[in-house]
Amino acid sequence: MFSSLLNRGALLAVVSLLSSSVAAEVFEKLSAVPQGWKYSHTPSDRDPIRLQIALKQHDVEGFETALLEMSDPYHPNYGKHFQTHEEMKRMLLPTQEAVESVRGWLESAGISDIEEDADWIKFRTTVGVANDLLDADFKWYVNEVGHVERLRTLAYSLPQSVASHVNMVQPTTRFGQIKPNRATMRGRPVQVDADILSAAVQAGDTSTCDQVITPQCLKDLYNIGDYKADPNGGSKVAFASFLEEYARYDDLAKFEEKLAPYAIGQNFSVIQYNGGLNDQNSASDSGEANLDLQYIVGVSSPIPVTEFSTGGRGLLIPDLSQPDPNDNSNEPYLEFLQNVLKMDQDKLPQVISTSYGEDEQTIPEKYARSVCNLYAQLGSRGVSVIFSSGDSGVGAACLTNDGTNRTHFPPQFPAACPWVTSVGGTTKTQPEEAVYFSSGGFSDLWERPSWQDSAVKRYLKKLGPRYKGLYNPKGRAFPDVAAQAENYAVFDKGVLHQFDGTSCSAPAFSAIVALLNDARLRAHKPVMGFLNPWLYSKASKGFNDIVKGGSKGCDGRNRFGGTPNGSPVVPYASWNATDGWDPATGLGTPDFGKLLSLAMRR
């Protein structure tokens with residue numbers, strides 16, 4: 001034991017010596033303070049700061065291969081998900097050399113408050129020490145409109161011996177934030193009254209579904225019928241709340257009374273991370289959280305539902321569609337995912353719905369890839385990660401922010417991450433059509449996965465040379481599927497409202513996946529897990545193909561017909577719905593009866 005400690009000490013000493021003797025190199029750098037921000041003041045060298053380092057993972061390729069095998073319905077390993085955080089991390093742990101190198105570098109700077117967490121190293125220090133360590137210049141910057149302050153640096157450096165082991169250090173050079181994927185809440189139309197709507201629901205009357213969506217509309221439209229889940233069968237579903245939004249117990253009770261009488265009495269649990277709250281009296285916006293909760297309960301009741309409430313604000317590179325980081329608040333993916341991944345298997349929800357997003361180009365590539373990798377890790381634990389595709393159609397700010405100022409159809413993040421299932425939007429019911437704001441397109445960061453290759457190639461062949469140069473034809477295509485995205489009846493702060501957006505689509509589809517998991521668990525089968533390989537193969541016949549309508553965008557305005565944003569106009573830009581997969585509605589909307597039959601065959 002003593003000998004091993006001596007060896008470790010010697011190694012740390014050597015690492016420290018090497019780290020300090022090799023010139024540091026710039027690891028990340030901004031050319032200027034991002035748009036919408038300005039210098040506020042310089043912190044004291046004694047001010048505290050907390051940073052975390054993402055270490056390079058040992059066998060990412062092997063991990064991704066294992067995940068694809070357990071998600072492929074034709075593979076013998078289908079459904080054999082990792083059962084613990086430790087088992088899942090086994091292939092992703094950094095090398096001992098990486099851990100010792102980075103830790104030694106920190107300790108040589110006098111930093112002692114260090115936490116090793118698998119492939120992350122987190123530490124607390126002071127601004128003065130951080131500046132010296134990273135050759136940085138941390139200052140306080142303030143948003144010019146919202147007056148939100150952030151402690152950031154425009155550049156930081158790492159010694160060469162450390163840089164080779166590191167993916168990123170955060171928070172450092174990134175300023176930023178975003179919005180939920182829904183339109184501004186509007187009061188109920190004159191022709192829709194809560195009591196009249198409730199009477200229609202009680203009578204099973206769905207004649208008003210083109211004007212207002214209720215859970216019964218979705219149950220009828222998506223062929224759920226009288227399927228009854230078992231609340232004790234093991235299926236669990238969750239939704240993520242950010243930006244100080246909290247679902248309300250009273251609103252859920254009123255929703256159940258008026259619009260989902262079969263769910264009366266069902267409640268939800270709340271798990272809080274990173275200072276997230278469960279404030280039932282907040283004057284802040286609660287619409288997104290209430291929407292997610294009410295339609296997950298309304299469609300999947302009585303399956304248990306959890307809200308993950310995560311505090312904090314995330315990271316952004318501003319572009320024209322999100323110039324004001326206070327108005328467009330970026331959710332703290334890292335804090336949320338690191339905590340959820342550590343949950344015990346018997347408590348981990350097998351479906352997590354998230355209705356937030358942003359332009360892919362506003363996210364630093366290293367950060368985006370690290371977060372997408374965390375979603376893959378959830379998939380390996382048997383979790384279906386569901387995201388709304390976005391509400392900017394073809395795009396809102398159709399201009400690159402990399403200095404080239406090219407006209408471009410901007411993909412969405414995390415919707416274009418290949419390890420999530422992205423849900424676009426439809427409208428009307430007889431038949432359904434693609435809704436104009438349903439985001440879709442092709443990632444600039446991720447190549448197209450093999451599981452969607454043939455479906456997307458068929459679409460691209462039909463598209464031909466149209467829009468050539470405005471999108472990446474080799475990128476991961478999204479959305480994967482779609483669901484209704486307009487006119488959802490939601491109770492918020494005691495009042496009936498209607499919401500639009502793919503924020504509506506994601507919880508509706510998530511609830512259907514939770515029902516599929518319920519059926520599989522009751523038949524002693526594993527849960528669905530990462531869905532996409534199954535969706536594009538065995539399940540492709542379980543969707544209603546949407547062939548009318550299309551998404552629009554690139555009209556020089558912010559999403560939902562908003563204010564001018566100064567970006568280029570692409571006349572008649574649109575992704576049209578068509579036979580097979582398309583960038584407006586993916587594979588189509590779910591037919592639960594068909595999907596249930598297909599899901600039970602393996």
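Heads up, the Cβ atoms here are built off N, Cα and C, so glycines get one too.
Per Swiss-Prot, these features apply:
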SIGNAL    1-23  signal peptide
DOMAIN    212-602  domain 'Peptidase S53'
CARBOHYD  ASN267  N-linked glycosylation site
ACT_SITE  GLU288  active site, charge relay system
ACT_SITE  ASP292  active site, charge relay system
CARBOHYD  ASN405  N-linked glycosylation site
ACT_SITE  SER503  active site, charge relay system
BINDING   ASP545, ILE546, GLY580, ASP582  Ca(2+) binding site
CARBOHYD  ASN576  N-linked glycosylation site
By Cα-Cα distance, the member of recorded positions ASN405, SER503, ASN576, ASP582 nearest ASN267 (N-linked glycosylation site): SER503
Chain-mates of ASP545, ILE546, GLY580, ASP582 with C-beta within 8 Å of site centroid, Ca(2+): VAL547, ALA577, THR578, ASP579, TRP581, THR585, GLY586, LEU587, GLY588
Candidates ASN405, SER503, ASP545, ASP582 (recorded positions) - the one closest to ASN576 (N-linked glycosylation site) by CA: ASP582
Tertiary neighbours of GLY580 (Ca(2+) binding site) (same chain, Cβ under 8 Å, six or more apart): ALA455, ARG458, TYR459, ASP545, LEU587
Which recorded positions sit within 10 Å of GLU288 (active site, charge relay system) - Cα, from SER503, ILE546, ASP582: SER503
Shortest C-alpha distance to ASN405 (N-linked glycosylation site) - which of the recorded positions ASP292, ILE546, ASP582: ASP582
GLU288 (active site, charge relay system) CB neighbourhood, other CB atoms within 10 A: 29
Cβ neighbour count within 10 Å of ASP292 (active site, charge relay system): 32
Per DSSP, three-state class assigned to ASP292 (active site, charge relay system): helix
Neighbouring C-beta atoms (10 Å sphere around the C-beta of ASP545 (Ca(2+) binding site)): 18
Subset of recorded positions (ASP292, ILE546, ASP582) lying within 10 A of SER503 (active site, charge relay system), CA to CA, in sequence order: ASP292
Lowest local Cβ density (other Cβ within 10 Å) among recorded positions: ASN267, SER503, ASN576: ASN267
Separation of alpha carbons, ASP292 (active site, charge relay system) and ILE546 (Ca(2+) binding site) (Å): 24
Rounded Cα-Cα span from ASP582 (Ca(2+) binding site) to ASP292 (active site, charge relay system), Å: 25
Within the predicted model, mean pLDDT of the domain 'Peptidase S53' (212-602): 91
Residue, out of the recorded positions ASN405, ILE546, ASP582, whose Cβ gathers the largest set of other Cβ atoms within 10 Å: ASP582
